[in-house]
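Annotated features in TrEMBL:
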DOMAIN    A:7-416  domain 'TRAP C4-dicarboxylate transport system permease DctM subunit'
TRANSMEM  A:6-34  transmembrane segment
TRANSMEM  A:94-123  transmembrane segment
TRANSMEM  A:135-159  transmembrane segment
TRANSMEM  A:165-192  transmembrane segment
TRANSMEM  A:213-235  transmembrane segment
TRANSMEM  A:241-260  transmembrane segment
TRANSMEM  A:272-293  transmembrane segment
TRANSMEM  A:305-327  transmembrane segment
TRANSMEM  A:359-386  transmembrane segment
TRANSMEM  A:398-421  transmembrane segment
Amino acid sequence: MESVVLLIILVVLIMLGAPVGFTMVLIPVVYILITDAAPMILIPSQMFSAIDSVPLTAIPFFMLTGELMTSATITDRLVELSQRLIGRMRGSMAQANVLVSMFFAGMNGSVVADTATVGSLLVPAMKKAGYPASFAAAITAVSSTIGGIIPPSIMMIVLANAGGISVGALFAGGIVPGIMIGLLLMIINYIIARRNNFERSEEPFSLKAIAIVSYKSSFALLIPIVLVGSVVFGIAGVVEAGALTATIALLVGLFIYRTITWTNCKSAVVRAFRNSAMVFIIIAASGPFSWLLTSLGAINQLEMWLLSYTHNALLFALVLVLFICLLGMVMDSAANIIVVGPVLVDVMVKAGYPDVQAALVVVVGFLIGSVTPPVGVAFFTAGAIAEVRLEKVAVAMLPYLVALFALLFVLIIAPDITMFLPRLFGF
Amino acid sequence: MLAAMSFIDRIVRNTLTSFCAILLLLMVAFTVYSVVMRYVFENPPVWGDLLTVLSNIWLVFFALALTVRDKDYIALDLIYSWLPPKVSFCIQQFWSMVIFGLGLVMIIWGIEVVTTMGGKYWEMWYFAWEDGQIVFKPNYMPKKYAVAIVPISGFLVCVAAIASICEDVFRLRTGTYKWSKNVDIQS
Amino acid sequence: EKVLKLGTVGFLGMPIGDAIDQALIPTLEEVSGGKMTIEPHYRKSLCSEQSCGEQANQGLIALWTSSTANFGNFGTSLAIFDLPYIFKSIEDADRISSEWLAKKQCDIAAEEAGHVCLTVYSSGGFRQLGNAHGPVHVPSDMEGIKWRVTKSPIEYTLVKNWGAVPVPYDWSQLYQGLQTGVVSGQYVATPWQHVAKLHEVAKYFTEIGGSWSGNQLSIDKRQYDALTEQEQEWLQIAAQAFGQKVQELDRAWVEAGETAIKAEIDEWYVPSEEELVQWRAGAIDAWLNAKGTYDPQTARRVLEEQGMTGFITQLEEAGAL
Ligand code: NA
Ligand code: NA
């Protein structure tokens, strides 16, 4: 009961505009001051312990890879490629937005980086082409969830670390759901674009033009190849592979594209450590909070409650989706994945699901949460880029979000979607 | 006076930023070195992943202070755009004070973490001060050294919180105060 | 009523967890008449291994378990348990440890390590070699193979002396590392290998039985000293009951794990006595490298009680005793 109160206070404070990370530390501090339930040393000690982990070091590596590739102007080329590929479709820029996110996802692991990078290129262009700003923000935000689902993925690393699951298996399992989400969003785009009579490109479809721009953007493929290759050939583990891809990204920018200068290299490094630190600050802040929740037995109670629904598979899936949706609305996705993620995985495993599927459901669900209003970092970011009121973005996102949660439900009841590739890779 | 303060502020910020950038590059370097030494030379260092993890931890705790200084933490600031500037100013200062308090917690109990930390890293070399000179030790670096970042970061967080309060007060007086845009947009 | 929080990687369904649940908690409850209770946190939910020891020192928890090797991060008092070939068999290890060795070393730990260890027991019997590369019968078969080691100086030098390339590698990534060939071998107690399914990707086993997989239950020294003598005694009685229970359950756990592994692998090799001499020879250098972390007199007594005169001579000649 106490723990529920703690969680509600946390949510209320965050809704009132409190900084998420610091509030997560503030609550255990105040709780300890009032109840003396644990020594205050818990706070600094668990902040440190929460980030003291080898697998988590992959996060800055993949952040750096994404930033360096962006500096190498590869994103511009991917946008051009996507527009060439589907320019003749109605709503072509909205479709390109999804397609770029799918390409971009292969070298970037974070939803927010995807929103910011793809958004800052495409949102201004979409507004100019006559799309409502709220729609441009909405499709940018929802499609960027793919950035965290198609590997590499920061949140998969976080959950694998917290739940003791193989990062490689999760990466393999993310590919199919990531592509499915992309296709689903494109179908909805198509319907909305037809109904609103959105633009389409007048440029003729040209295989030659596609070939040229494919060639120009082909080095984007190098990152997934290095990632998969170094792991498959036993050169490095998935975590170490992040350092290799960052090195390759730097080399491509320096010697092949020759677009990386001292200045933009410096700013790529700074952006990478800042974005990575943002995730880590939430992880560190969750440390004392989740220690306290575990120690008070709240985690156990939550588990018991969820397990009471397992007698009916469909009901269980429904409860799970609703629970993930609700938490995703009010909490940060990293915090959700660290504090609640392992419990959900545990519950699903006890209910008979494979742990890799369980973890993927949790990651996909909470990543959708980084887009769902009222609290969602990708949601804020997209709104800020499009310079539009967040309420309007929320309305424009609604059909997409309904579809995404429906897909999440399918991912729970159809294990083959998530387990097919991991099984093929022998996990 | 004011000029001197903002000069120091800028120096400290730039230094911390450079530290973090170097730590990130070191992480890449240590890891690539470990992979190459293992795969090519079959002689990997024992300390490879430890140094990578410690660099990351130090980076995060330095970046924490930078985040406080730039107020670029993750927060939902929707409500404040509807409030009069005076009110949002007060709320902003309240959160800066809270952060200052949390910085104090990190200093006081962080020092306790350092003093009670009995663990050691067998694989890590270090330097110690013995008999009036610096001595190289090949093994068993005390973990105290690693966790010392917590009180250091707490101190920097306190300083950063005070600096941003000073800055906000100055801006309110000169009429240039604005609720900070918390969501980071990459340029 | 006094509640002691306990942090462990053990879980219900394996010996450490079950012995906490079936012996430690009920015994303490019973002897103290309900005045002292234990609140267990299994499966790394609060901490794991070394970090549990740190949390105990910080007063966040009181009791904790870890391998004797991980206890080494707080000092060398339990290092003697990690010496390769100091025990001939599981039975000898259990007997000597529970008769006097655990008590003797734990008294030293209380002085040096800031932790009072209450009992030392086996978690999974002996470490055995498993690898994905091919049959390993003698140490020279390990030549140049990348072998995953924990960050224990004894294990590191042992594997190196046998001729393999010791690679410190994160436990959570080991399955995949073995599968893809980042590392090819590992040296862990067999039931733990079974828990982590390592035998699925490393199919050659060698039963060399070198290092005993010692584990310990401790309480932070300051918290122990704050207990009354009566309470200390209750805790010691409960810990003894726990130690006995764990010993009982551990044998069955090892057997079940090994049976399951043997059913799915390509080779389970039991070296001949001549081959074992070669394996022990590699161990002697590990003893030499570890010199200073153990008391030679104590080690000699352990070996003598098992009649291991040949090994004593070898160690003496090398200067390790
Ligand atoms: Na990705
Ligand atoms: Na997008």
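Glycine is no exception: its Cβ is also placed from the backbone N, Cα and C atoms.
Because the structure is a prediction, the values reported are computed rather than measured.
If you count C-beta pairs under 8 angstroms between the transmembrane segment (A:94-123) and each of A:165-192, A:213-235, A:241-260, A:305-327, the highest count goes to A:165-192. Between the transmembrane segment (A:398-421) and the transmembrane segment (A:305-327), the number of CB pairs under 8 angstroms, six or more residues apart, is three or more, so the stretches are in contact. Contact between the transmembrane segment (A:165-192) and the transmembrane segment (A:305-327) is not supported, since fewer than 3 Cβ pairs fall under 8 Å when only residues 6 or more apart in sequence are counted. For the domain 'TRAP C4-dicarboxylate transport system permease DctM subunit' (A:7-416), the mean pLDDT of the prediction comes to 91. Between the transmembrane segment (A:135-159) and the listed ranges A:241-260, A:272-293, A:305-327, A:359-386, the one holding the most Cβ pairs under 8 Å is A:359-386.
Among the recorded stretches A:6-34, A:241-260, A:272-293, A:359-386, the one sharing the largest number of Cβ pairs closer than 8 Å with the transmembrane segment (A:305-327) is A:359-386. Outside the transmembrane segment (A:6-34), and at least 6 residues removed from its termini, the chain residues within Cβ reach (under 8 Å) are 40, 42-43, 47, 281-282, 284-286, 288-289, 291-293, 330-332, 335, 374-375. When Cβ-Cβ distances below 8 Å are used as the criterion, the transmembrane segment (A:272-293) is approached by residues 3, 6, 10, 20-22, 24-25, 27-28, 31, 37-38, 42-43, 46-51, 56, 59-60, 63-64, 66-68, 110, 112-113, 154, 158, 299, 332, 334-335, 338-339 of the same chain, each at least six residues removed from its ends.
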